[in-house]
Amino acid sequence: MAGVRSLRCSRGCAGGCECGDKGKCSDSSLLGKRLSEDSSRHQLLQKWASMWSSMSEDASVADMERAQLEEEAAAAEERPLVFLCSGCRRPLGDSLSWVASQEDTNCILLRCVSCNVSVDKEQKLSKREKENGCVLETLCCAGCSLNLGYVYRCTPKNLDYKRDLFCLSVEAIESYVLGSSEKQIVSEDKELFNLESRVEIEKSLTQMEDVLKALQMKLWEAESKLSFATCKS
């Protein structure tokens, strides 16, 4: 019949196939197509899973680094300051006894100081502005006698918060964060080169160079004698 295409199975049967494989031709082609599509989907899913895993790992690493930086910053903030004499570097006190800082007088107030701070028992009246009636005792470094500031012994009512506090001049002290030093003892096998060791190494290299030159000269003489003997024979 015109316009009608004869359908045949794998055995050559026509559309009205009576063999047992009826419909298996089309089923096998559909199955292959579905398997191909499933394979493509599986590959795509694997690709997405790989990308998601990579992104998750990167995010996890970034979170860990951020947390580590935050911990280090918090630890740095919690480390106390140690105040040193600017003349001899003796420790005078630390920020654990910190009370306040005064920008107008350029000093800091501490509740207590170390034994390196000497107190002059001779009392005198303060000559600073807004400190009328304050009785002071001079503070000096026990090591180098540098004037460090004052301790308030008597104060008017409006300055009672300064009484028995140690006022250290910022110009007379230095400070560093406790635990901030990164210097470590270097073992003998990792000791850094200094000037003396460099001189010794250069001396040894010069001696080795002289020995090599002497050996080269002897080798040249031996080759010359051998060449002369060969020519003579």
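Each residue, glycine too, has its Cβ placed from N, Cα and C.
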From the candidates Ser40, Ser126, Ser187, the one which Swiss-Prot records as phosphoserine: Ser40
Secondary structure at Lys162 (SUMO2 cross-link), reduced by DSSP to three states: helix
Separation of alpha carbons, Cys141 (Zn(2+) binding site) and Lys162 (SUMO2 cross-link) (Å): 21
Lys162 (SUMO2 cross-link), number of other Cβ atoms within 10 Å: 23
For the binding-site residues Cys85, Cys144, the one whose C-beta sees the most other C-beta atoms within 10 angstroms: Cys85
Remaining residues near the recorded Zn(2+) site, that is with C-beta within 8 Å of the centroid of the site residues Cys85, Cys88, Cys141, Cys144: Ser86, Gly87, Arg89, Arg90, Asn116, Ala142, Gly143, Ser145, Leu146
